[in-house]
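Peer 1: There's a structure below that I have some questions on.
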């Protein structure tokens, strides 16, 4: 009976904390639809904003999937996959990476000084720049999550069977494993597609300005308090959800088309020269992508740090006039304050989310009842901005009257979904035998979990903590709008500072963000490698 | 010197376990068309690893040396897809996300048949097995015995000279196990395909032409030294 109450209370509280925000969404979502006669359609540049948002979502998510498939294909056909090859880029906060990318590759940036006009594609605020940055950031995300999904499939056996009936390893990946992997990745791909179509912070800093993309436009409207802007924000929210729906349908259609394409090629005779050419091309793309990811991330990290110590680094000088710690000394109070807030919120969120995810997984295993992942990941399938705008119109602020509590709750909610994506596949792969055996020796459920199951999940738990922390650290829209500017973090400060023409101060905040992520990543790697008892 | 009558000849075989350097020599083995060799031994003795090595898989924990000759040609350095050796595994004998027909089509791609000709072959072969109406079903919709039979058919359709069977009947209940086992040996014999089957159950090997009990000699000595 006590155990029943224990499970019931635990899962009940968790379900309330996961379900309550949806209640507020339903309550607060303004039913001001963008009908054909709506004010929204008369806003100058709205058609371009819509078109560009879709282009960003489609192109960035497709290229990221393409590169990730090639990297994972190599993993599947060549023994043990590498685990650290995309770590640096994966851990890089989007915004910090974007700031460094702009300073390195845009006109008057560092590369322009070394090789003038060698990189003419990256304007300071353009679609190409935004898409490139998103591809750089989303590809490692898909690779990390993709490797987890791959590990759930008997892919080695499938490739071996394919090869034993005369299909090459590479062809076996594309024809046998890839369709199943793509299906397993559906929810992750939908989350990435919706994120890319509705991204706010990176789009504000690197995306086109006149007109901006739809999501930054909605934030601008939301932050103005005249009735017209509020009306536009409400209609824009729905439009953004429409775009998200289109992206979700696109991912499903893309999966169906690719699976049909692969199926149609089964049994087809393929010339050896063609296979060799494909193998060479994919090998080049994989190597080039990994070199680009590692090279650009390393360069970006170094550039950010260098910027913070540089004085008088004016165009066209390749090096600054002098190096100095003056900037760090001048701003360390502000920086430490923001770092403290960011880290405190992040740690609380990471610990709470990881505990909640662990408890929910255990409840499902214990009761042999699997909640469909789509329900638990639903927060990723609606543009974050639409959700936050709905919360602002609801009783959310009465429930969470404290700004920090409000921000923590929102961070927890979004971090939970990402953490679940990381932890659930790993947990499913671990048998309950050890835990049951422990209980048969007289250990209670959670004591047995701690001593016998947790050691098998050390890596997954560490990665869950890392991802939930990184998600919290990177939150911009909920922190800005729900915190009403009274809970400034490194991320919100960085967006505010990036709108000016100054590089050094944003670089300091970006460096702090990235270092925070890197330290967390290194700690995660150390914990994951600890010998398991 | 390999006699022309001998289709498959395995010689100078040695397995070296990388972790502790143990080695295990295996006797020379010769198989003619349609003949079968049963290898029995306790679980974990290395039988399955040996089969994987014969297939051409590189394993991280064990190294294989030896000569694998098919019709006089040494195939031991060829990649898996060019060896002419097929395998039937105990679990997941079929690709679960493809229909039976698609699963079988994988084995026909080397033969340069048109799609229509492939379809004809698949229909005929399934009809011969009494599974004519199964072509469009997914493996998950088939019984364990049907999966095992279609898995073997797929292996055979690729026209291998040798089929490796790794505890192929483990997933079946006792009654079905005997049916599928009898059918498997007859099927391979009729088609003149040599087979090596490993199992830890003596019953599984009752119909084989030759039997070998897995040697339990394992010493810390390099393979070269042992063969001198």
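Backbone N, Cα and C define each Cβ position, glycine as well.
Automatic prediction, not curation, is the source of TrEMBL annotations.
This is the feature table in TrEMBL:
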| type | residues | note |
| --- | --- | --- |
| TRANSMEM | A:7-33 | transmembrane segment |
| DOMAIN | A:50-262 | domain 'ABC transmembrane type-1' |
| TRANSMEM | A:53-73 | transmembrane segment |
| TRANSMEM | A:85-106 | transmembrane segment |
| TRANSMEM | A:126-146 | transmembrane segment |
| TRANSMEM | A:173-195 | transmembrane segment |
| TRANSMEM | A:238-258 | transmembrane segment |
| TRANSMEM | A:290-315 | transmembrane segment |
| TRANSMEM | A:335-360 | transmembrane segment |
| TRANSMEM | A:372-392 | transmembrane segment |
| TRANSMEM | A:404-423 | transmembrane segment |
| TRANSMEM | A:456-477 | transmembrane segment |
| TRANSMEM | A:507-527 | transmembrane segment |
Peer 1: Is the transmembrane segment (A:372-392) in contact with the transmembrane segment (A:7-33), using at least 3 Cβ pairs under 8 Å (sequence separation of 6 or more) as the test?
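Peer 2: The transmembrane segment (A:372-392) and the transmembrane segment (A:7-33): touching, yes.
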Peer 1: I'd like to know if the transmembrane segment (A:173-195) touches the transmembrane segment (A:335-360) in this structure, counting it as a touch only when three or more C-beta pairs sit under 8 Å and are separated by 6 or more positions.
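Peer 2: Stretch pair does not touch.
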Peer 1: Would you mind listing the long-range same-chain contacts of the transmembrane segment (A:372-392), meaning Cβ under 8 Å and 6+ residues beyond its ends?
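Peer 2: Residues 18, 21-22, 24-30, 187, 190-191, 194-195, 197-198, 200, 215, 218-219, 222, 233-234, 237-238, 240-241, 243-244, 248, 360, 410, 413-414, 416-418, 420-421, 424, 477-478, 481-482 contact the transmembrane segment (A:372-392) from elsewhere in the chain.
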Peer 1: Answer yes if the transmembrane segment (A:53-73) and the transmembrane segment (A:404-423) have at least three CB pairs under 8 Å among residue pairs 6 or more apart in sequence, and no otherwise.
Peer 2: no
Peer 1: May I ask whether the transmembrane segment (A:85-106) has at least three C-beta pairs under 8 Å with the transmembrane segment (A:456-477), counting pairs 6 or more apart in sequence?
Peer 2: yes
Peer 1: Looking at the stretches A:85-106, A:173-195, A:404-423, A:507-527, which one shares the most CB pairs under 8 Å with the transmembrane segment (A:290-315)?
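Peer 2: By Cβ pairs under 8 Å, A:85-106 leads among A:85-106, A:173-195, A:404-423, A:507-527.
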Peer 1: How about the transmembrane segment (A:85-106) and the transmembrane segment (A:507-527): do they have 3 or more C-beta pairs under 8 A, pairs 6 or more apart in sequence?
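Peer 2: Yes, the stretches contact each other.
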